[in-house]
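S.K.: The following feature annotations were taken from TrEMBL:
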type	residues	note
DOMAIN	37-427	domain 'Major facilitator superfamily (MFS) profile'
TRANSMEM	58-78	transmembrane segment
TRANSMEM	166-187	transmembrane segment
TRANSMEM	199-221	transmembrane segment
TRANSMEM	246-269	transmembrane segment
TRANSMEM	281-303	transmembrane segment
TRANSMEM	315-331	transmembrane segment
TRANSMEM	337-353	transmembrane segment
TRANSMEM	374-399	transmembrane segment
TRANSMEM	405-422	transmembrane segment
Amino acid sequence: MAIIVALAIFFLLAQVFFLEKRKSVMKNKYLKGVSANVLLLGVVSFLNDLSSEMIMPILPMFITALGGVWVVGLVGGLRDSISSILKVFSGFWSDRTGKRKVFVSSGYLTSAIFKLFLAFSQVWLHVLLFSSAERVGKGLRTAPRDAIIADSMPEARGKGFGIHRALDTSGAIAGSVIVLLLLLFFWFDLEQKAYQIGFYKSIIFIAAIIAFFSLVPLHFVKEGKREPQEIRLQISLKKLPKQLKLFIVVATLFALANFTYMFFILKAMDAFMPIMPVKESIALAILLYVLFNTFYALLAIPFGTLSDRIGRREVLIFGYFLFSVTCLGFAFFDSLAAFIVLFPLYGVVYAMIDGNQRAFVSDLSTEDLRATALGSFHTVIGLVALPASLTAGILWQTISPNATFIYGSVISFIAVVLFLIFRDYFKD
């Protein structure tokens, strides 16, 4: 574990050296056509997501070890909902004060602090509390950070968001791989519950330390001067353009289908448990999750660039449809061969929709309300994350795991149909 911390410190120092050697480039704002702010925020997200994804693959098992199996779905939905409730407020205050970076910095610091608290959880309720509180930081930072990205590359927002999401997801891959290696090489006795809990806490503690490192590259982000805006909080979305409001309706319907990815991991684990030991089942499920994140990272930039060329609508429509197909696959197939295909498809879906939804919101909003628009979008989408995951969990327990994925497939397909009906109403 000391090796992991050493590697993180080495990466951090290397990054600082990289920045110091290129101060002239930073002043010019662009490096080979890519905004320095986008690259820096990408590095911040890389480190932060490395930290987060050391935690998320083991979080369902950590909750289970503490005796709260039924809370897995609740944690997944509540985390996103809490963060999203705050996004509209942070976006609003960012626009109103003309400040972006202070909200971004506060958000990353808050997340790091509560990750550290999470490492000292004693019961599943602590996990629920600290894990949800950690998402407060995400709520503070996301809309202002996305506004910085959108403003830094106004002529190529799809590419900018794609680069950021690729670095973010690359951190997720690194974090998941680290957990997998620790599981394979340091977990000697899976049957001892006390050892399991101690192992999980050690991983979370290391992840928290790495999260604090992510604050250093953020220091080099250059925020442009912005005048404060005399605006009021627009929770009703009334001042947002009609096209944007309609897209939020479509995206919200899709979000109802897009339940927490923990269910995808649990589906794989349930399939493997009857045919192999527990340790190998967990390791293989995490490996498939790494495969998901790998495809997500590899394709985020290409799909962002593609949306700049052919339009966000076409990419998003196909992404929604592919999610529907992927859910059907998870509903009706549970072999290792099937999962080797389905988890990459799941990664392709996220590569197509995650950054491009944000870019599309930026396209459909005005500059003075961009952070508010992004915050409103994230909030509305996030508010349905809790009912989406709770519904998925109820279907899982009362009917079958397959019912969960059929639900996701049907709802996302309805979103595709609605998007197609109003396709010509949107303009890129």
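Each residue, glycine too, has its Cβ placed from N, Cα and C.
Unlike curated entries, TrEMBL annotations are predicted automatically.
Are these features on the surface or tucked inside, and what touches them?
M.R.: Non-local neighbours of the transmembrane segment (58-78) in the same chain are 121-125, 127-128, 131-132, 179, 193, 196-197, 200, 203-204, 259-263, 265-266, 282, 385-390, 392-393, 396-397; each lies 6+ residues outside the stretch with a CB under 8 Å from one of its CB atoms.
Through the fold, the transmembrane segment (337-353) approaches residues 165, 169, 254, 261, 264, 268, 271, 288-289, 291-300, 302-303, 315-316, 318-320, 322-323, 325-326, 329-330 of its own chain, all at least 6 residues removed from its boundaries and within a Cβ separation under 8 Å.
Counting same-chain residues at least six beyond the ends of the transmembrane segment (374-399), those with a Cβ under 8 angstroms from any Cβ of the stretch are 70, 72-74, 76-81, 83-92, 94, 142-143, 146-147, 150, 234-235, 237, 240, 244, 248, 251-252, 255-260, 263, 266, 357-358, 361-362, 365, 407-408.
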S.K.: Determine which recorded stretch among 166-187, 246-269, 281-303, 405-422 has the most C-beta pairs below 8 angstroms with the transmembrane segment (315-331).
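M.R.: Going through each listed stretch, the top one turns out to be 405-422.
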S.K.: Would you kindly list the residues that approach the transmembrane segment (246-269) from elsewhere in its chain, counting only those six or more residues past its ends and only Cβ-Cβ distances under 8 Å?
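M.R.: For the transmembrane segment (246-269), the nonlocal Cβ contacts are 56-57, 59-60, 72-73, 75-77, 80, 237, 240, 281-282, 284-286, 288-289, 292, 320, 323-324, 327, 330, 334, 339, 343, 346, 353, 357, 360-361, 364, 376-377, 380-382, 384-385, 387-389, 391-393, 396, 401, 404-405, 407-412, 414-415, 418-419, 422, 425-426.
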